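Some notes on the structure that comes next.
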Amino acid sequence: MLDSFKENEALRKYLFSGHFGLEKENIRVTSDGKLALTPHPAIFGPKEDNPYIKTDFSESQIEMITPVTDSIDAVYEWLENLHNIVSLRAENELLWPSSNPPILPAEEDIPIAEYKTPDSPDRKYREHLAKGYGKKIQLLSGIHYNFSFPEALIDGLYAEISHPNESKRDFKNRLYLKVAKYFMKNRWLLIYLTGASPVYLADFTKTNSEEVLNDGSKALHRGISLRNSNAGYKNKESLFVDYNSFDAYISSISNYIEAGKIESMREFYNPIRLKNAHTDQTVESLAKHGVEYLEIRSIDLNPLEPNGISKDELIFIHLFLIKGLLSEDRELCANNQQLADENENNIALNGLAQPAIKNCDNEEMSLADAGLLELDKMSDFIQSLIPNDNHFQAIIEKQKERLLHPEKTIAAQVQAQSAKEGYVEFHLNQAKTYMEETEALAYKLVGAEDMELSTQIIWKDAIARGIKVDVLDRAENFLRFQKGDHVEYVKQASKTSKDNYVSVLMMENKVVTKLVLAEHGIRVPFGDSFSDQALALEAFSLFEDKQIVVKPKSTNYGWGISIFKNKFTLEDYQEALNIAFSYDSSVIIEEFIPGDEFRFLVINDKVEAVLKRVPANVTGDGIHTVRQLVEEKNTDPLRGTDHLKPLEKIRTGPEETLMLSMQNLSWDSIPKAEEIIYLRENSNVSTGGDSIDYTEEMDDYFKEIAIRATQVLDAKICGVDIIVPRETIDRDKHAIIELNFNPAMHMHCFPYQGEKKKIGDKILDFLFE
């Protein structure tokens, strides 16, 4: 078969691609490493309805399922995002990073997963497993790796090497059977290289190859993977199926079901299973539709990786499957399966001692030699098909290092750290470290960092609920959300089907906004608008002795605004006009209202968040210049540009320069220690300001004003900016200075100070409930 790829460049390009899907199980634990007995987090909804986040056997055993993707990069991004979403939503709990369980309660207190009804087929199946195998063993967790070859690859091979009169369906079945046979024979190598469960608690199980560690936990003596050993999660007896043909494979599984050895194909716990994409996962469905993908079930959670597996491990498993496709198709009889099982168990229990491997002729070869033989073959076919590759070869070289140096295996490192820190402490420390890393980047959706932060937030919140998300226009942050038959289109996180078009037009035009609000008795600053810069300049005498604001008529995010609270010159006024007219063809000059500026986020006639916005500023140290202080403050990892991070970097543009000049300062001025220098007069977070949550502290009087303003304009998702007087006695001197039809949500979700609000959830509630 290798020759087919050497001679056919069009076919060769498909060999190293494919379709990938991952399923990952983690136990939810308390901060002291005990099984969490809390219900599955409600935000994820019923397990039956969420395609991404479910439970495995136990209510405490969360399962993350990626959609099918066309690359390992994409499936890994999905896995990382799901892991982060689940970690952040499992409040006050951690995700246990080991395949082997944490501290468990009594058997009868381990909760089986709950479903909508007590007689749910999923619930009944789990009750059957609990009765037949016990609950504790069900808590062994791992990763399932789902893979299929590209259809174009199968079509090309079918045209070149299919048997006479063989249908494409039969050819496809035969192809996947061949790969499965290779996997079954050589899975010992994968277990040696990826196994990561050599340590376990003393009361979990007992093996014939164990030693007691200092903390009382147990470790397999020179072992690799408890989960993949005979003491792991296996069928009660070995089930050898017939791999000679697809029909024989189906018949042998059917016979085991009829004999009562297993209840259904779901209970066929082979390390690799032939599957199709139909939800009816029965042997009859597989026989009818044929093989569509392979499910690899023997991968341990890697406690050394935040997401339980590395991207290079995923790539290596892919190469392993390609090797199976290119290998000679050999018989896998019951005797050979018995030998393969023995190799698997021997490596799982004693792999670090590097026991000999038996081939199908019952001949022995050292583990290192047998492993290097397979890895060299991988290296050879990669070299012959993609001679300029470096990445794949580097991954294979790393596996060779693990064969030659057992101490470099994942299992050896896990065992060493567990012996040093204790089984529970080591895995708890890993879980806490990963949680801290997740929390530090809680605002981010991996793979969507180029999109607005508010879009990333609502996208993540949609995934948590099992809502399907399609990107319609990446540059425009335009998404489609779908839950069942319900579809919603959302742009920039807050432009939705609930918007009234004329309301948007009114809010976009600040003159119209003020006029309509004033007509309804809502206080707004008085002022004038100008479309001619020369006329605006001539009006200087009307404003020179007043406190004023100069701003574009139709802009957002606080851009182009200048505020004069003190005496200003004609030159200052002219520069403010230049700035404002650079953003719009019309500007507004209005009175300055003293007080503090607050953003009220109103969703469907309810104030969901209130934020105090402090203008962009730096604090002096008596040593550094203003410019240097800005540069230092901008190094905060939470500050970015274009709304890609929770806080915006402070700019050094004309607005900031003007503000400094009004204070008789320049960029080279050195402020005194603890002296606060403001770089902007307006307090918009989008111009580098700091955000402080005030939702609970804000007087309901002003919340009602914000709601009334949105009702006047019939705005359903709206940011209302209100200047609130500092003295309660002056509260009637407030003023609404702006209504925003596309309010940013990220500053409420990740404020500089104060409580984080789940605004994405609030918008999704509004759209879908």
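Each Cβ is built from the backbone N, Cα and C atoms, and glycine gets one as well.
Listed in sequence order, Lys612, Arg613, Asn682, Ser683, Asp721, Ile722, Ile723, Val724, Ile737 are the same-chain residues at least 6 apart in sequence whose CB falls under 8 Å from the CB of Glu597 (ATP binding site). Swiss-Prot lists 541-599 with the feature ATP binding site, giving sequence analysis as the kind of evidence.
Per Swiss-Prot, the feature Mg(2+) 1 binding site maps to Asp721, Glu738. The C-beta environment of Glu738 (Mg(2+) 1 binding site), restricted to residues of the same chain at least 6 apart in sequence and closer than 8 Å, consists of Lys510, Thr513, Gly719, Val720, Asp721.
The Mn(2+) 1 binding site annotation in Swiss-Prot covers Asp721, Glu738 and is backed by sequence analysis. Under the DSSP three-state reduction, Glu738 (Mg(2+) 1 binding site) is assigned to strand.
If you look up Swiss-Prot, you'll see Glu738, Asn740 marked as Mn(2+) 2 binding site, on the strength of sequence analysis.
Feature annotation from Swiss-Prot assigns Mg(2+) 2 binding site to Glu738, Asn740; the stated evidence is sequence analysis. Within 10 Å of the C-beta atom of Asn740 (Mn(2+) 2 binding site) sit 21 other C-beta atoms, taking all shown protein chains into account.
Annotated domain 'ATP-grasp' per Swiss-Prot: 514-768, in sequence order.
Summarising the annotation, Swiss-Prot assigns region 'Glutamate--cysteine ligase' to 1-347.
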How many Å separate the Cα atoms of Val549 (ATP binding site) and Asn740 (Mn(2+) 2 binding site)? 18
As a test of reading the model: what is the averaged pLDDT for the domain 'ATP-grasp' (514-768)? 93
In whole Å, how far does the CA atom of Phe581 (ATP binding site) lie from that of Asn740 (Mn(2+) 2 binding site)? 20
If you count other Cβ atoms within 10 Å of each one's Cβ, which of the binding-site residues Val549, Ile589 has the most? Ile589
Asp721 (Mg(2+) 1 binding site) in three-state DSSP notation: strand
Counting only residues 6+ apart in the same chain, whose Cβ is under 8 Å from the Cβ of Lys565 (ATP binding site)? Gln547, Phe592, Pro594, Glu681
Measuring CA to CA, name the entry from the binding-site residues Ser541, Tyr573, Ile589 that ends up nearest Asn740 (Mn(2+) 2 binding site). Ile589
Around Ser541 (ATP binding site), how many other CB atoms lie within 10 A of its CB? 8
